[in-house]
Amino acid sequence: MLLSDKDIRAEIDAGRVRIDPYDESMVQPSSIDVRLDRYFRVFENHRYPHIDPSVEQADLTRLVEPEGDEPFILHPGEFVLASTYEVISLPDDLASRLEGKSSLGRLGLVTHSTAGFIDPGFSGHVTLELSNLATLPIKLWPGMKIGQLCMFRLSSPAEFPYGSDRYGSRYQGQRGPTASRSFLNFHRTQV
């Protein structure tokens, strides 16, 4: 069941959902807006001949922070990692989806490529996968609204929520945009 504004506020007020910093004006009818942090991970395309998810490629990205109050410029066709300004913490019976903002999508900004789902038990900054599909550069201002979280109540609490030892939750407690850690539990079935 998708939570309404009333339910979202109740979960936050009860301390079951943590959004830090919390701004009540960000609550929408069935979601809560999240803002863009000031850190970005840009890809160093000259470091490797290809991307291989089965091995660690530590130098594949580098951290960039715009100076002062300057925006980050996302060029046409460019893909970068960023993160929410807010730290999000979910209980074991709520999951969430990060969706883009319609107004930004109409400018050509894609907020997440594939990973918009947030498991119950997750705590940390949510990494964003930003792409510019427009033909002009897009200014990304730290602190601007970048997406919205909708929350769903599970039919029962997760037996092994994100962060439990069972799944080796690679991104629990992440700070800022976190590069892929797919190599830590890469799985390939022989076909």
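Easy rule for this one: first residue shown is 1, then count along the chain.
Glycine is treated like the rest: Cβ placed from N, Cα and C.
For the recorded site, Glu129 (active site, proton donor/acceptor), the DSSP three-state label reads strand. According to Swiss-Prot, the active site, proton donor/acceptor annotation covers Glu129, on the basis of sequence analysis.
Neighbour list (Asp119 (dCTP binding site), Cβ cut-off 8 Å, at least 6 residues apart, same chain): Leu90, Ala95, Ala158, Pro161, Tyr162, Ser169. In the three-state DSSP classification, Asp119 (dCTP binding site) falls within coil. For Lys101, Ser102, Ser103, Leu104, Gly105, Arg106, Asp119, Thr127, Leu128, Glu129, Gln148, Tyr162, Gln174, the entry in Swiss-Prot reads dCTP binding site, with the evidence type sequence analysis.
Within 10 Å of the Cβ of Gly116 (site 'Important for bifunctional activity') there are 18 other Cβ atoms, across all protein chains. Sequence annotations record features per position, and here Swiss-Prot assigns site 'Important for bifunctional activity' to Gly116, Phe117.
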Which of Ser103, Gln148, Gln174, the listed binding-site residues, has fewest other Cβ atoms within 10 Å: Ser103
Statement: The correct three-state DSSP answer for Ser103 (dCTP binding site) is helix
Statement: Within the same chain, the residues at least 6 apart in sequence whose Cβ is under 8 angstroms from that of Leu128 (dCTP binding site) are Leu36, Leu81, Ala82, Ser83, Thr84, Leu98, Thr111, His112, Ile146, Gly147, Pro177
Field: Cβ atoms near Gly105 (dCTP binding site) (within 10 Å, other residues, all chains)
entry: 13
Task: Would you kindly give the Cα-Cα distance separating Glu129 (active site, proton donor/acceptor) and Gln148 (dCTP binding site), rounded to the nearest Å?
output: 14
